[in-house]
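*Asks:* I have a structure I would like to understand better, so I am pasting it below and will then ask my questions one at a time.
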Amino acid sequence: MPKRGGGGRSVTQKPSNRDVLPAGAESKDTELFFNRELSWMAFNDRVLQLAESPEIPLLERLKFIAIYARNLDEFFMIRVARLHEQIRGGVARLVPDGASPSDTLDKLHDGILKQTRRHGDAFEKVLRPALAEKGLRILSARSLDAEQRAQVDQRFKEQIFPVLTPLAIGLGRHFPYISNLSLSLAVLLRDPDADEESVARVKVPKELLPRFLPLKGNVFVPLEEIIAQHLGDLFPGMEVLSWGTFRVTRDADFTVSEDAEDLLKAVETELRERRFGDVIRMEVQAGMSPKLLEPLVEAMGLEARQVYEEHGLVGLNDLQSIAFAPGFPELKDPPWVPVTQARLRTDADAPDGGTVMSSMRRGDLLVHHPYESFATSVERFVTEAVADPDVLAIKQTVYRTSDSSPLVPALITATERGKQAVCMVELKARFDERTNIRWANALEEAGVHVVYGIPSLKTHAKAILIVRREGDKVRHYVHIGTGNYNPKTARLYTDMGLFTTDPDIGADVADVFNYLTGFGRPKSFRKLLVAPLTMRQGLLEEIKRTVAAHTAERPARIQMKMNALVDPGIIHALYEASRAGVKVELNVRGICCLRPGVPGVSENIRVVSVLGRFLEHSRIYIFERGPELRCFIGSADLMPRNLDHRVEILAPVEDASLAAQVKDSLERCMADTTSSWELTADGGWRRRLPRAGDEKRWAQGEMMERAQRMAQFQGGRPLS
């Protein structure tokens, strides 16, 4: 067992059993499931392929270099950490594909080593020189000219040197704490007087200064290389023999006890503890001296499969700052400005005021972001409700939002105006816990009713409920979305939102909020599928009904879109549908444990993954049974955590024209031949290209063109 080094937690964590089968339930058909972690690795490989694609603009490719690295960081912090936890806890039961945690770790190590070599080459050998030709240079500190060196020397003296703290390693000193994802220099020194060698660590202060220091003329220089060039200033009287960069990734997962009396304090405590999670991975610069590497490995108690050599710069996720830097429009995708949803614009001059709620009274609305504006739909919905004197209550869930979001402050204004305002804040939203704690405190101080849901469950549902007095009755106005109430990601992720005044859906959403704020546990809902109460069974019943309705004369079909397909029970049900002859079309962006194309099992199942300019994030579930079309959208992927361990909502889209729009968007993704891959029976992902003579299809481009056409047709103009 590797020792816990580098300031690791001393407490023993209970190994997670969410990803293993219960005792006695080992799968008899392991060949029908792909390994979840290896499937994720294949997903990140598709991201890497976008960084390698010459048809994509250079700075967009640089963005994918950064995204690949950031994805990998989060994967190690959570999923790889969990595998190590299972090994330490003696978990021997197998996941559905039959692999043990140790076998999976070995395969991940080998596969990620190959990927990261490509990742480094894509930046160092392709993008770095190509960007330099276009006038954007990321230069080594060694290659600077005299004028640039003078700039760097001045910046080092005034800005960098004052915030550096060299720390000796060994020689009777305690091994220094190394924070998660921090970048460091390991330095081998020699004392010429004593003729002794020693090792020191210097943290690169990229939290305080730009990782890539900007110089005149669109030049950027890695901060660690500037520090390395000035090591003599940090260690006067010592001889610098060698140096190399390294970076550690720590276990960032945590679980809050169901018995916690104060959930907010419990999460704050866990966040402090998370800083000292076990070191799961160490990235080191290729060619690092063994005299530097060996003390680091020993001090942190690492196995060989936890050490990753990087050929080039370490920590390429920091390139995002350059990818999103202003200027160089010719190296980026053309700008996209979301348009206002056609109904919301044409209803503006209506006699009843032209608000979002007045449009909803005339019929359900469907908004598709980022093609249609989040600001002029969701944000407007809430701000109008705050200003409306007849609105009695506003209730909203918050999973991930941003510091600049106007939605949460709107609840404060609602409270100040005498309305009941309720905010369900999910404190356990991974990596957004601190933001959500800040919002929770601000809301409570303003008098908003803040609830944290059920300690044992994450609330991942996206819902807004507005209660309005109309005559001697009240009406429920509801928004249910597939994505977060976050204006930043609403411009980057494809998500859908349903606005409805349907009384049954309104009553169901009210019941969900009561479930979250009180102690009730509804046994059924009128129209919604709600996890962990009714969603799993509801989806399985929809699949069974579709199988029962299928005939040769009137074939049935299942179409689904999600981020991940992992759940064994749902996968088995889809296999049964395929065996019955039902065509199953799956648009899965990320992990897919289902194996398509197996004769007699899944030959009627197609799996396509679409990646591209926008992150595909909608969850759509369509069951076509002759003239009957059942269409759901919502927050849930098909994973055990979503169906059994989270509060999720799927809402039916019952308006036929809106359901047709949802279906159309999914079918465009299934037909994409620009930025899509198809999963094969052997686990490979084949890049989809148009056949000879066929027109090239680009789903996201088609959706942008469609949104613009609708805006022009309605006589409006695009709005942000």
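Along the chain as shown, the residues are counted starting at 1.
Cβ from N, Cα, C; glycine included.
What TrEMBL records for this protein is below:
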{"type": "REGION", "residues": "1-23", "note": "region 'Disordered'"}
{"type": "BINDING", "residues": "N71, Y493, R589, H617", "note": "ATP binding site"}
{"type": "BINDING", "residues": "R400, R430", "note": "Mg(2+) binding site"}
{"type": "ACT_SITE", "residues": "H460", "note": "active site, phosphohistidine intermediate"}
{"type": "DOMAIN", "residues": "612-642", "note": "domain 'PLD phosphodiesterase'"}
*Asks:* Suppose the ATP site is N71, Y493, R589, H617. Which further residues of the same chain have a Cβ inside 8 angstroms of that site's Cβ centroid?
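*Replies:* Once N71, Y493, R589, H617 are set aside, the remaining close residues are N563, G590, L615, E616.
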*Asks:* Near the Cβ of R400 (Mg(2+) binding site), how many other Cβ atoms are there if near means within 10 Å?
*Replies:* 20
*Asks:* So the record assigns N71, Y493, R589, H617 to ATP. If I measure every Cα pair among those residues, what is the longest distance in angstrom, as a whole number?
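*Replies:* Binding-site diameter by Cα atoms for ATP: 16 Å.
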*Asks:* State the mean pLDDT for the domain 'PLD phosphodiesterase' (612-642).
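*Replies:* The average pLDDT of the model in the domain 'PLD phosphodiesterase' (612-642) works out to 97.
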*Asks:* Looking only at DSSP and grouping its letters into three states, which state does H617 (ATP binding site) belong to?
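*Replies:* It is coil.
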*Asks:* I need the least crowded one of these binding-site residues (R430, R589, H617), counting other C-beta atoms within 10 angstroms of each C-beta.
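*Replies:* Ranked by other Cβ atoms within 10 Å, the binding-site residues R430, R589, H617 bottom out at R430.
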*Asks:* With every protein chain in view, what's the tally of Cβ atoms within 10 Å of the Cβ of Y493 (ATP binding site), excluding that atom itself?
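*Replies:* Neighbour count, Cβ to Cβ under the 10 Å cut-off: 18.
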*Asks:* Which one is it: of the recorded positions N71, H460, which Cβ has the fewest other Cβ atoms within 10 Å in this structure?
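*Replies:* Least crowded of the recorded positions N71, H460, by Cβ count within 10 Å, is N71.
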*Asks:* Which whole-number value in Å describes the distance between the Cα atoms of H460 (active site, phosphohistidine intermediate) and R400 (Mg(2+) binding site)?
*Replies:* 9
